[in-house]
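Novice: Annotations per Swiss-Prot:
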type     : residues                                  : note
ACT_SITE : His115                                    : active site, pros-phosphohistidine intermediate
BINDING  : Lys9, Phe57, Arg85, Thr91, Arg102, Asn112 : ATP binding site
Amino acid sequence: MEQTYVMVKPDGVERGLIGEIVTRIEKKGLKIVAGKLMQIDRELAEKHYAEHIGKSFFEDLIGFITSGPVFAMVLEGDDAIATARRMMGKTNPLEADPGTIRADYAIHTNRNVIHGSDSPESAKREIQLFFAPQEILSYQKAIDTWI
């Protein structure tokens, strides 16, 4: 089973969208194996967005992601990365397909409600950055026996 990292950003948390997003994830069949509400500090934000250091939008990005709590999750399932990315929609909500999280709940690229790993390498890095191994659980969903 593939794992991926997904985070409801401060705008999503502040707008009360955690429950709606978790519901969509679970209805799609992905399993949440770790989750926590947390406040990201600057040090963690810089590690998370290290590939953007030096870019013109970096300080705004750090300021936004540290502006309020986030809900961090590890999801597990077949093709979890691609599935989560399809559910989220394109980074620019105006280009996202109808029915995706970003199309339904976001209006601006810089405030687009949700983040998700874009590759197995970034998923591994982000999971290790936000979760200790003992925070990631292994369990069987009741429905798994019926599938």
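Every residue gets a Cβ built from N, Cα and C, even glycine.
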Novice: Compute the C-alpha separation of Phe57 (ATP binding site) from His115 (active site, pros-phosphohistidine intermediate), stating it in Å without decimals.
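Specialist: With the alpha carbons as reference points, the distance is 16 Å.
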Novice: If one measures from the C-alpha of His115 (active site, pros-phosphohistidine intermediate) to the C-alpha of Lys9 (ATP binding site), what distance in angstrom results, rounded to a whole number?
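Specialist: With distance taken Cα to Cα, Lys9 (ATP binding site) is 7 Å from His115 (active site, pros-phosphohistidine intermediate).
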Novice: Would you identify which of the binding-site residues Phe57, Arg85 has the most other C-beta atoms lying within 10 angstroms of its C-beta?
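Specialist: Highest number of other Cβ atoms within 10 Å: Arg85.
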Novice: If you count, for each of the binding-site residues Thr91, Asn112, the other Cβ atoms lying within 10 Å of its Cβ, which residue has the minimum?
Specialist: Thr91
Novice: Determine the C-alpha span of the ATP site listed in the record, that is the greatest distance between any two of Lys9, Phe57, Arg85, Thr91, Arg102, Asn112, in Å to the nearest whole number.
Specialist: 22
Novice: Around His115 (active site, pros-phosphohistidine intermediate), how many other CB atoms lie within 10 A of its CB?
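Specialist: Step by step: centre on the Cβ of His115 (active site, pros-phosphohistidine intermediate), count other Cβ atoms within 10 Å, giving 20.
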Novice: Let me check the 10 A CB neighbour count of Arg102 (ATP binding site). How many other CB atoms are there?
Specialist: 22
Novice: Which residues of the same chain, at least 6 positions away in sequence, have a Cβ lying under 8 Å from the Cβ of Lys9 (ATP binding site)?
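Specialist: Expected: Phe64, Ile65, Val70, Arg111, Asn112, Val113, Ile114, His115.
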Novice: Using DSSP reduced to three states, classify Arg102 (ATP binding site) as helix, strand or coil.
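Specialist: Where Arg102 (ATP binding site) sits, the three-state DSSP reduction gives helix.
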